[in-house]
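According to TrEMBL, the feature NAD(+) binding site maps to 8-13, Asp33, Arg38, 86-90, 127-128, Glu161, 272-275, Arg342. The feature active site, nucleophile is assigned by TrEMBL to Cys272. Annotated domain 'UDP-glucose/GDP-mannose dehydrogenase C-terminal' per TrEMBL: 328-452, in sequence order.
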Amino acid sequence: MVKICCIGAGYVGGPTMAVIALKCPSVEVAVVDISKSRIAAWNSDQLPIYEPGLDDVVKQCRGKNLFFSTDVEKHVYEADIVFVSVNTPTKTRGLGAGKAADLTYWESAARMIADVSKSDKIVVEKSTVPVKTAEAIEKILTHNAKGIQFQILSNPEFLAEGTAIQDLFNPDRVLIGGRETPEGQKAIQKLKDVYAQWVPGERILTTNLWSAELSKLAANAFLAQRISSVNAMSALCEATGANVKQVSFAVGTDTRIGPKFLNASVGFGGSCFQKDILNLVYICECNGLPEVAEYWKQVIKINDYQKSRFVNRVVSSMFNTVANKKIAILGFAFKKDTGDTRETPAIDVCKGLLGDKARLSIYDPQVTEDQIQRDLWMNKFDWDHPIHLQPTSPTTEKKVSVVWDAYEATKDADGVCILTEWDEFKSLDYQRMYDNMRKPAFVFDGRNVVDDDKLREIGFIVYSIGKPLDPWLKDMPAVA
């Protein structure tokens, strides 16, 4: 029986290993983590992450050929294939601060693998890592190998949160990068045999190590670039009276471009896009390519501009101040169908409104009050460290209340900001909401989920990103 161990029980490791266990009943899969609370959650009825379909997969396999454990060394020792899916946060100090990936957790995992291994192993990079990480990890393993052979593979994940289980069941492609040596090719084949139990052979791509590592960064950079492109157009649409939904639909019908990732919004979020682009920028700078680095920097600059533009639109529309006004925030996760708040645009929007002394009432169907409070006072990049190493909250933000109902959030509010495209926000009773708000009542739709005309008929002043401006807003400056 092939034994697989995955170090790191997070958004990537947990779902990926659960699906491998489901699709490969002859493979024993252990997911290990030093966080006792996280492993306890994986072994409970309340999993530590929300992902549609994940509960069913875990329940079918847990205790049979899928195990969650804090005994990291035991399972690494027993494994034939070790996936490493640990945090790779952006460095906050020292060389490359603010751009380079911090490989501290990766390095300590590699040293531990070398220490406990008594048999040959395949070590698989599953975290998003900078190009040439495999080379560094290979050096650590070989210098501490004690006669044991290690083969390093890069197997980047291309999951989209909210559809991760479907993405794993039916992937566009599985990418495996390895050394172009007989041993490297043998290791690639062994991992390929695991995926081939449910993924068609033509969808399993093999490359060299560096191509696999760079493909992940490039894919995320291209996706983020599309979002920033349509968001840049949304600003122009507002200025000219065009409708960004119509423009993006017309552009997306071109088969060379396609319709995906062309929805204008308050900005992109998630654990990967910004981090991977910063990483790409740093790699370009280190390799003497400043023009290329500058090109990718613009993707993040437009994303930051879009968030600050949204805040400025809220403040300027409401008589140029939101001090002591109640603003309802609908949605805090970075997108629908996930509870993940990493790099969510809601953080910067909320901080911008709090900076103008607004009072916020926040509702998200999947994000806890504790998580929201942590996100609002944590420093940039702190979120990407394991939870037990994150700073603990000194105080809760006094001007923020978190509620479990959209109508409670909007009661007596001056304005509503929609920051996540949860389906339930499309079918809310906006008449009821309007009746219980202070007037004039504003809706700022950062995800283009509401029917602007219907809301205007009710009496709302509506701002939707990239759409023709409400007469009320036309004389208001978009950028302070």
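Sequential numbering from 1, following the chain as shown.
The backbone N, Cα and C atoms fix where each Cβ goes, and this holds for glycine too.
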Taking only the CA atoms, the spacing between Glu161 (NAD(+) binding site) and Cys272 (active site, nucleophile), expressed in whole angstrom, is 11
Hey, how far is Gly8 (NAD(+) binding site) from the residue listed as 'active site, nucleophile', Cα to Cα, in Å? 16
Quick note, Cys272 (active site, nucleophile) and Tyr11 (NAD(+) binding site): C-alpha atoms separated, nearest Å, by 12
List of residues, in chain order, with Cβ under 8 A from that of Asp33 (NAD(+) binding site) and at least 6 apart: Ile7, Gly8, Ala9, Gly10, Gly13, Ile39, Phe68, Thr70, Val72
Residues in the domain 'UDP-glucose/GDP-mannose dehydrogenase C-terminal' (328-452) per DSSP class, helix first, strand next, coil last, are 43 helix, 19 strand, 63 coil
